[in-house]
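First comes the structure, then the notes that go with it.
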Amino acid sequence: MNSSKNPPSTLLDVFLDTARNLDTALRNVLECGEHRWSYRELDTVSSALAQHLRYTVGLSPTVAVISENHPYILALMLAVWKLGGTFAPIDVHSPAELVAGMLNIVSPSCLVIPSSDVTNQTLACDLNIPVVAFHPHQSTIPELNKKYLTDSQISPDLPFSDPNRPALYLFTSSATSRSNLKCVPLTHTFILRNSLSKRAWCKRMRPETDFDGIRVLGWAPWSHVLAHMQDIGPLTLLNAGCYVFATTPSTYPTELKDDRDLISCAANAIMYKGVKSFACLPFVLGGLKALCESEPSVKAHLQVEERAQLLKSLQHMEILECGGAMLEASVASWAIENCIPISIGIGMTETGGALFAGPVQAIKTGFSSEDKFIEDATYLLVKDDHESHAEEDINEGELVVKSKMLPRGYLGYSDPSFSVDDAGWVTFRTGDRYSVTPDGKFSWLGRNTDFIQMTSGETLDPRPIESSLCESSLISRACVIGDKFLNGPAAAVCAIIELEPTAVEKGQAHSREIARVFAPINRDLPPPLRIAWSHVLVLQPSEKIPMTKKGTIFRKKIEQVFGSALGGSSGDNSQATADAGVVRRDELSNTVKHIISRVLGVSDDELLWTLSFAELGMTSALATRIANELNEVLVGVNLPINACYIHVDLPSLSNAVYAKLAHLKLPDRTPEPRQAPVENSGGKEIVVVGQAFRLPGSINDVASLRDAFLARQASSIITEIPSDRWDHASFYPKDIRFNKAGLVDIANYDHSFFGLTATEALYLSPTMRLALEVSFEALENANIPVSQLKGSQTAVYVATTDDGFETLLNAEAGYDAYTRFYGTGRAASTASGRISCLLDVHGPSITVDTACSGGAVCIDQAIDYLQSSSAADTAIICASNTHCWPGSFRFLSAQGMVSPGGRCATFTTDADGYVPSEGAVAFILKTREAAMRDKDTILATIKATQISHNGRSQGLVAPNVNSQADLHRSLLQKAGLSPADIRFIEAHGTGTSLGDLSEIQAINDAYTSSQPRTTGPLIVSASKTVIGHTEPAGPLVGMLSVLNSFKEGAVPGLAHLTADNLNPSLDCSSVPLLIPYQPVHLAAPKPHRAAVRSYGFSGTLGGIVLEAPDEERLEEELPNDKPMLFVVSAKTHTALIEYLGRYLEFLLQANPQDFCDICYTSCVGREHYRYRYACVANDMEDLIGQLQKRLGSKVPPKPSYKRGALAFAFSGQGTQFRGMATELAKAYSGFRKIVSDLAKRASELSGHAIDRFLLAYDIGAENVAPDSEADQICIFVYQCSVLRWLQTMGIRPSAVIGHSLGEISASVAAGALSLDSALDLVISRARLLRSSASAPAGMAAMSASQDEVVELIGKLDLDKANSLSVSVINGPQNTVVSGSSAAIESIVALAKGRKIKASALNINQAFHSPYVDSAVPGLRAWSEKHISSARPLQIPLYSTLLGAQISEGEMLNPDHWVDHARKPVQFAQAATTMKESFTGVIIDIGPQVVAWSLLLSNGLTSVTALAAKRGRSQQVAFLSALADLYQDYGVVPDFVGLYAQQEDASRLKKTDILTYPFQRGEETLSSGSSTPTLENTDLDSGKELLMGPTRGLLRADDLRDSIVSSVKDVLELKSNEDLDLSESLNALGMDSIMFAQLRKRIGEGLGLNVPMVFLSDAFSIGEMVSNLVEQAEASEDN
């Protein structure tokens, strides 16, 4: 601890003096959200951490840290210093390859990282570096206080730091690979002295300010020198101040967490948190300026009073420093005008922060050498030509710093920038270029580089061009340089050519050849970077390009030697004139040629007439100049400024000018007013029936899309690129010219839904993840269950482009990225293939990349396929675009395609490029015939599509007006439409000035017609102004916009367009056109039609014509109070609960009149997954109530069973009642037909009115006398009708049981009897068992055991004529007796006298007793007659005759039906057998719930009934049974077939309901290991168990665990991933290769054979495990 008598020697001493001083100890030192630390608390916590760290790594450790700024990390830094150690913070966004290099350089004692950082945990393990993982949620200020404030104060044996020891290891930000990593060691002494110097400078800047206790707004990462040498040292610790987090760490739990962007958070803190110091980068100050001025580019807008408050707060800041890069002049001017005290700091890590600092005016005036921060430093400028020079005063050169305090060099990296003399003076060459003003101030000019910086923002590396030029045999040496040389940004690129001696001898002939060398180079360069011939200097033989002694171009001397030659103009400057009265083609051509020759500096006629303008080096500026000069010289000509892009060479431009000047009418390429459509091969119309999308701004549904378009919400959709993507600040604005984009969530993904393990999902590119999601969701939007497509010829077309994911993978994992998932996870071809594979569809599966027209190409290819295929009627179209790596953004910046302001200001005077956006869109296309068949909702009809190419234009990426106009014409012709038939056009509309002009010209060329537009002006919309440019998905976003306009009846206005800023160069009068800035209503006539246009930088053009759907005809509304089945399903129980919650919200807002359609769609329009909910509701209110009840229940949903576990139970006689089939027959035509046909047949054969009894509508006739003969037939007909009806719905039993008479129906279901034979048997049996009037008989049911009933019979003194016998044993306390009517009366009376419940049945025969012996001969005769028609059982029959199971494949005994009528019914025994051997649900098929009740009484709990008790709704009971079967037992009826049977089926329609709630989890390389590793878990123990055939040593449970471990191992599940044993291997993503590995593993390790059938979806993993355990047990028994 520092004594108060001695000055502090380290910042740690300063901190301890404050923390242990009674006057300052309780001051706040740190504020994070609502949490605060005092100096004393931080001292205590850091001491405790030091003690813990000491036990881990000892004294004087080097502790590396990879984490965002976090309170725990600051405490840790102090702890490391208290141990005498070195703190090495590493940028959290550094790629893994660089992190590995950094760790090798610093050789840390340990690496401290958040517990969630699996990637760096793996990396550290690979490098054998101990890891200390902290849990961010357990490391908050309150949690650390709770844990450590009770600890004792710092122990006296902590050594503290040697002032001359490195306190920090900081890496520079310039590294591009491990080879140039530079680590700067900064000692405690150096840090303290520089901090003191910086504080002294602050006081000089603000002498009136008391800095004591200042509140400092902290933002800079602690891996950056700015954080330590500005925020922490000079301002916080040296002033006993408080460090305030500008943004709360992402992992820090706090109630005050602010999700706003950095600029908004900083502004909020400056206004309301009392901060007085803030150090930041230029873009932050630019953002604050934009907030103050409410610029349209800012993410969040302030109210007028808030803007005033922010400006006032900025004016009262004490320190507001900008570092890291030079401040924009506009921001500097704004600060000066508004008296905002901005200061500028220029420095680098090697110098411990700023070298110079000064007020904002220093940008222009320079920095005083007095404002240096290294006390003993000397600054001087040196020559930068790498040659020796004597010491002399120079006014410009590289800055060199000389000081004894500077670091002695980089750690572990030898660099000539540092040198140390014998006296200990360190000389450091900064690599920065400065000039010295006459008054001795230093002005920063930039870095010493060879790159050419253009005024247009592009940066050009001249060396590749120089190399290409030197490949010519004519050129000896070439130098490419900007026209400003080294004096600033260049407006043009120049070339100096030194010829080979042999070329010089050819004289003038070389000029033409050299021009041809430039042609292909210029053709491939963006227009601003092309080298015009007027900027090419070909040297004379005596002239040479200056070179250094090292053989490199001496670029500094270029201006001195050739400046005047390159700066002069070439050619004749006199202007040509033309006589407006007489136009001669030859004179006009010469005039045009003369102007082009002079502007381009090309005098060779052959070159002018044979090369394109691009090949001649024409830039955008030169093209504009030529158009303006031609307009000025040639009276009567009014060429657009992009004329040279429309007419791409001299001959075509001359012809166009001649035609305009001579008032010639060019060939009319506009189609006739109406043409017959071009016939497609199949004559099929294609319609859109489904859509889904993921767009920036969380635009994921039609409501949010509509709101975004109508409100023109671009400012909330296009946002700053966050740090969790990449460190964008390190690229902006030098390499990437924009800092905003439209981004979607690419980190979170529901991998298990798509059958992927977490490991495989990590390798799946976000582009493909989104494609999968939207494709599946589009099918749901179209109400197409995915299983409906299985095995079909459905096609899949996906448009993608390079998303940088492969680069990210390789950067993250290096060679280790090449796992078995590498290819399939990132190859573009698998984007479509994966969708086809998951859906099991067999049509074309094609991935397209034509850049920004990809989506349109997919639509076109799909339509060709659907119209030409006789086997297909559906196609899935998708386009997906993400940006995982900043490389494409740099490409766009270099091409000049993007807007520095981050917007698409299409068709405005502000148009300066587009803003890239991410997004994915999917559409479902069907033939109209199929859509009408399936009752689909049609969103639009696709009238025509067309794909073409620009051909040769001003370069590959340049637009071609003629080609675009031809595309429009072709579309109209294919659609058979005139221009007037198109109401609006969704433009490509990227917002580039040249592209906008070309697009409008093409529309004018194609749509200008001699016939006036009676429908009003042609409206031009541009969705990119709101959404941004989603590139390959752009055409599909355009389609979304059109569909939205069709639905809303209005075209949205363009964002960024106002009433005053429409580009005046756009011709809106010819067609005419309307480019709206507000929504425009679409008036009649209908149908509305629109064209969608797209253009890829590949040159591929795409166009689509869409027609709005017919208006829905108003039909009589369905009653909204009828019973309807409502179902919901999900793949996990958490998803199901979320789904139900979302449905509750949805239904509360829904129209009650839509109740039936919602329920119908839930059944027929969704896939049915394993976790289910189903209910029967009568109206919307009822449905909402049932959902609320379910959500209020705490019982988690369970997965449904397999479909095979289903048995039918058939009731016997006594369950019948008049009209028992009436209600279901009325409700369902399918059942009505089945029961009517069978009843009619039975009536004809039996002579009884079976149909009238079953379908009687006078069901009030209760007192109908029993007729056992007719009753038996009725029961049979009813139950067999229900059986057949269920079978038509796909509900089939896997086992059956029949009570008495019901066993005949059961035998039909089991396949033992045909329906005809069974009907004949029932009729014959009923006739044979007919009751006798002379011997009246009956049956009675008694609530007593069989023994008790036998005892009762014995108590009666009965003669043979009035005998009784037990005829049915239904259960332990349910026995039925048969006998004479008198005997029945007697035993019932006796039982009641003994308090035994007993009642006579409504039957007039004593079945299953000696009373039916007279029927035996006749039944035996029937059996003998039909013995040849007997068939083996197809499913098990639990016989109530035998009380046992008759297995599948067995035949019934020939006397089975004889014994069946005569012998007692052993239902209880049969039920017991069923309980022991059958697992699943049993459905009571009977007309009343008798079998259901009997089964329950015998202990079978999984029972449901299709019928209700008499007097209750049979339809509700039936639907309730279906709900039960669906929810709990995995039964999926044919809902489409069921609903088609309803009387009002034609009025049921599919409607929009909720789509699946994906359970997304984070799947990013930054948060998970990129190379799968196995932790020491059960997985590893499972592996040990399988090191040989050890099966015999394992118990069943161990064997089961070992098999499960093997499955998890092969699936590469992470340790925290559960294995759902109820799922199939296939559903979890196991392919045939993986299955072969599993079979080998279990076969070699356990000696067990895994049957191939377990790879199918028919079996679960649990069933496979059980099979293998049984296999092992059987093997042991043998």
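Using N, Cα and C of the backbone, Cβ positions are placed for all residues, glycine too.
Summarising the annotation, Swiss-Prot assigns active site, for beta-ketoacyl synthase activity to C852 (among others) and lists sequence analysis as the type of evidence. C852 (active site, for beta-ketoacyl synthase activity) falls within a strand segment according to DSSP. The 10 Å shell around the Cβ of C852 (active site, for beta-ketoacyl synthase activity) contains 28 further Cβ atoms across the protein chains shown.
Here Swiss-Prot flags H988 (among others) as active site, for beta-ketoacyl synthase activity, drawing on sequence analysis. The Cβ of H988 (active site, for beta-ketoacyl synthase activity) lies under 8 Å from the Cβ of C852, G995, E999, K1024, G1034, G1038, R1093, S1094, Y1095, each of these being in the same chain and 6 or more residues away along the sequence. Reduced to three states, the DSSP call for H988 (active site, for beta-ketoacyl synthase activity) is coil.
The secondary structure of H1029 (active site, for beta-ketoacyl synthase activity), as reduced to three states from DSSP, is extended strand. Contacts of H1029 (active site, for beta-ketoacyl synthase activity) defined by a Cβ separation under 8 A and a same-chain sequence distance of 6+ are given as C852, C904, Y914, V915, P916, S917, T990, in order along the sequence. Summarising the annotation, Swiss-Prot assigns active site, for beta-ketoacyl synthase activity to H1029 (among others) and lists sequence analysis as the type of evidence.
Residues or ranges marked as compositional bias 'Polar residues' by Swiss-Prot: 1564-1576.
What Swiss-Prot records for 586-661 is domain 'Carrier 1'.
Positions annotated as domain 'Ketosynthase family 3 (KS3)' by Swiss-Prot, on the basis of sequence analysis: 683-1108.
Marked as domain 'Carrier 2' by Swiss-Prot on the basis of sequence analysis: 1597-1672.
Annotated O-(pantetheine 4'-phosphoryl)serine per Swiss-Prot: S620 (among others), in sequence order, evidence recorded as sequence analysis.
Among the features that Swiss-Prot reports, O-(pantetheine 4'-phosphoryl)serine is placed at S1632 (among others). Using a 10 Å Cβ-Cβ cutoff, S1632 (O-(pantetheine 4'-phosphoryl)serine) registers 10 neighbours.
Annotated region 'Adenylation (A) domain' per Swiss-Prot: 33-453, in sequence order, evidence recorded as sequence analysis.
Here Swiss-Prot flags 1201-1499 as region 'Malonyl-CoA:ACP transacylase (MAT) domain'.
Residues or ranges marked as region 'Disordered' by Swiss-Prot: 1562-1582.
Model confidence over the domain 'Carrier 1' (586-661) stands at 78, taken as the mean pLDDT rounded to a whole number. Shown for the domain 'Carrier 1' (586-661): DSSP residue counts in helix, strand and coil, namely 51 helix, 0 strand, 25 coil. Counting residues per DSSP class in helix, strand and coil order gives 46 helix, 0 strand, 30 coil for the domain 'Carrier 2' (1597-1672).
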